[in-house]
Structure formats: structure tokens, C-alpha cells
Amino acid sequence: MLSVVPSPVLVRAPSKVNLHLGVGDLRPDGYHDLTTVFQALSLGDDLRISPASALTVKVNGEGAAEVPTDRTNLVWKAAVRLAHLVGRAPLVEIVIDKGIPVAGGMAGGSADAAAALVGLNELWDMGLGRDELSALAAELGSDVPFALHGGTALGTGRGERLLPVLSRNTFHWVLAFAKGGLSTPAVFAELDRLREHGDPPRLGDPQALMQALASGDPAQLAPLLGNDLQAAAVSLKPELRRTLRAGVTAGALAGLVSGSGPTCAFLCESADAAVAVAAELAGAGVARSVRTASGPVPGARVIDPES
């Protein structure tokens, strides 16, 4: 009897921007308590997952050489974890086409891990629900559960405990990618250092920001955007100050460093305004490249190869 080889599965993984990122003091276990509001954005990575004779991970696109393709990659770990759960060997090839900047503060690695869970669940016909996949996602990393769910959400703990947040509009963003990345642990360590030597401003409660999201008004949302890690990212990469100024000068409503950086995200009034801001930023020479994106969008999901 002939066995049927499953067709490859294509999965889209969204990037994210932290609209609010409040960072608590360093805990004894080396982590920080976070209060964050995530929004999933249309800029994303695509993963193609196919049956193979051995587990392999391949990466294409800008920054591909900086992404490990061995067992240290979160995608590799996701495949091994899911295969172990069902008692099978992880015999798949996973090809990642990068759209999310590497080490850019937009959770590209976490998004890819979430996409791997979704794609393998489909390829292997496991029938796992989102809650079961979420539990696996939380074991892989604190940003992976949000990449799985997408939309807009409030994250607490290390960011892995999620509550959906009502967002009544599509918000339009311009993303300025910096030359070179920033290490997330290095940015947190720099924040700890800055706090030891002074008292950089800390964000308060995100309630007003969540009300602005529910209103759907970007002008109401703009002044409420904030990131406790921004001071540390700018301290390590001072040229980000110029990028942030340039985006607002170009017409953005507000700008902030995304997550641990160094990508800068600019909220705009409309899709047309975002195109205009992106064009001006691209000509200003303050970023390696510039993209537009919108959100919120769904989390990691299987897509039609033709889409």
C-alpha cells in the first residue's frame, strides 16, 4: 500500500510592536516583571514546512546569516518539543522567509516558533487546540504565546500571560530598521544600570492606552505610547534619537523604540499618511530601510500558497 506524503504547509507569522512596555525591577531569578500591550502587525515572516528525512531549518532574506539554523533556533526547539509530545521523529524541513528584522525588537524569532507550532500541528494532523499550543508556546519563550494569538493583548508576568484588548480600528505604522541589531539581554542590563545610577521615568498603568485603542482614534492613542526600555536602547545606540526625531518631523503622530529595539515604530493618522512618512524617512538616511505595516492582524496561521 502506498503511503501519502503530506503536502507542504505554509504559515504566516506576524511581527509585533509594544504599544506600552512597563518594566519592573530586576527579580532574584534574573527576570523582570513586565506589563505590556502588544499589537500584531502585517509585516511578517513566512514558513514553509515539508516532510523530510531529517530536521533542518533554512533561512532566507535580509539578515538570514545572523539566524542560527541549529538546535539553538526556537523553530528547531518547537519542532522537537511537538514531535516529542506525539512520540514521533521531527522529520521536517522548515524554510523561513524573513520579513521581520533580525534582532530588531519585533519578536521575529518568537513569531517563527509560533508559526512552527501551528504548521506542524497541521502537517502532522495533530488536532491540538489553541490552548494546548499556547502551553507549548509559553515553554519556548515569553513572546511566543502572543505571536500565536495575535490581535492586541495585555501581557503580564514575563509577557506570556495574555488578556485580549479591544482595538476598534486598523492602525497604520511606519517601521524604521536600524543598521545592526540590539541584544535583548544587553538592553535589559543597560536599563538596570541606568536605574542604579539614577531614576529614568517609568510608565504608569496602561488603562488610558487601552481606552484609546477601544476608541479607534490614532490621535488619542499617540501620546500614550511608551516603552521603559527606550532609554536603555538609545543609551546603547544613540543614533536612535535622530531616527525618532526624524519620524515625527516627517509627520508621524508619535514614535517609539519597539521592544528592546533598535527598530523604531511610528504611528500615523492613516494609510496614506504612513506612505508619506515612510517616503520622507527613507530619504532622510536615518535608517537601514523603512516599511509600512498595519495592525492588529491575526496570530500565526496557515495560509494558501497563492495568497
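Keep in mind that glycine also has a Cβ here, set from the backbone N, Cα and C atoms.
Pulled from Swiss-Prot:
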- Lys16: active site (ACT_SITE)
- Pro101, Val102, Ala103, Gly104, Gly105, Met106, Ala107, Gly108, Gly109, Ser110, Ala111: ATP binding site (BINDING)
- Asp143: active site (ACT_SITE)
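When the Cα atoms are compared, Pro101 (ATP binding site) and Lys16 (active site) turn out to be 11 Å apart. Annotated pair Gly105 (ATP binding site) and Lys16 (active site), C-alpha to C-alpha distance, rounded: 8 Å.
Considering only the recorded positions Ala103, Ala107, Gly109, Ala111, Asp143, the residue whose Cα is spatially closest to the Cα of Lys16 (active site) is Ala107. Within its own chain, Ala107 (ATP binding site) has Ser15, Lys16, Ile100, Asp143, Phe146, Ala147, Gly259 as residues 6 or more apart in sequence whose C-beta sits under 8 angstroms from its own.
Other residues of the same chain near the ATP site, with their Cβ within 8 Å of the Cβ centroid of Pro101, Val102, Ala103, Gly104, Gly105, Met106, Ala107, Gly108, Gly109, Ser110, Ala111, are Ser15, Ile100, Gly259. Under 8 Å, Cβ to Cβ, and six or more positions away along its own chain, Ala111 (ATP binding site) finds Ala13, Pro14, Ser15, Lys16, Gly44, Asp45, Ile100, Asp143, Ala147, Ala300. Ala103 (ATP binding site) carries neither a helix nor a strand DSSP state and counts as coil. For Gly109 (ATP binding site), the same-chain residues 6+ apart in sequence whose C-beta sits under 8 angstroms from its C-beta are Val67, Asn73, Leu74, Val75, Gly141. Put plainly, the recorded positions Lys16, Pro101, Ala103, Gly105, Asp143 were compared by Cβ crowding within 10 Å, and the winner is Lys16.
DSSP assigns Asp143 (active site) to coil in the three-state reduction, placing it in neither a helix nor a strand.
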